[in-house]
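J.: Encoded as structure tokens, here's the structure I'll be asking about.
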Amino acid sequence: MACCTGRCTLILLCTLQLVAALERQVFDFLGYQWAPILANFLHIVATILGLFGTLQYRPRYVIAYALWAAVWVTWNVFLICFYLEVGDLNKESELLTFHVSQHQSWWSEHGPGCVRKEAPVAGVAELESHSYVSVIGCNVEYQYIEVMHSALQILLALLGFVYACYVTSVFTEEEDSFDFIGGFDPFPLYHVNEKSNHLLFKQSYLPA
């Protein structure tokens, strides 16, 4: 297929998804966000699988990628609800760290314009190095940065899902048409040649 088709568009989308996922994975590692780290890892694996399937004309791999894209959209919708505190969700909770640490998003202290100040906690020994961290002057609150990340992931995943379905249908049609004309199966050609030779042999022995 030419590069202007849905196949090459899906390759481009998978590449963009890999770049966006790797960028997000770095900042989630910096913020010790273990649930997003695990989800990002699975997303990277599924995207590589979809990219391989698209390059190698493997519709089953592309279908697996499309199914994951639906799961990925659901996960990012949950993240948007989490950071916007929809319902009983609380962005200050330890849900995304599996309750093993009190870390928040890396952007909560390192966002655009944020100034991080530390003050020692009164009554705590200096050797324990406990301090109170305050962040002021942020141009954009960290939850909105996370929401924008998730919105971008949703957009790419939806486009990827649509093109994955299209590419899968194209691959399937090509396989069906290829099988119809014989494909790599040598039997039809061999069978025709054998039948022709048999007829010629029979005609040569007909009485004059």
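Easy rule for this one: first residue shown is 1, then count along the chain.
Yeah, the Cβs are placed from backbone N, Cα and C, and that goes for glycine too.
A quick note: this is a predicted structure, and the numbers were derived from the prediction, not measured.
Found this in Swiss-Prot, in case it helps:
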TRANSMEM  10-30  transmembrane segment
TRANSMEM  35-55  transmembrane segment
TRANSMEM  62-82  transmembrane segment
TRANSMEM  151-171  transmembrane segment
J.: List, by number or range, the same-chain residues at least 6 past the transmembrane segment (35-55) whose CB is under 8 A from its CB atoms?
T.: 7, 10-11, 14-15, 17-18, 21-22, 24-25, 28-29, 61-62, 64-66, 68-69, 72, 75, 79, 95-98, 160, 164, 167
J.: Should anything in the same chain at least six residues away from the transmembrane segment (10-30) have a Cβ under 8 Å from its Cβ atoms, list it; otherwise answer none.
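T.: Residues packing against the transmembrane segment (10-30) from afar: 36-37, 40-41, 43-44, 47-48, 50-51, 54-55, 62, 65, 105-107, 149, 152-153, 156-157, 159-160, 163-164, 166-167.
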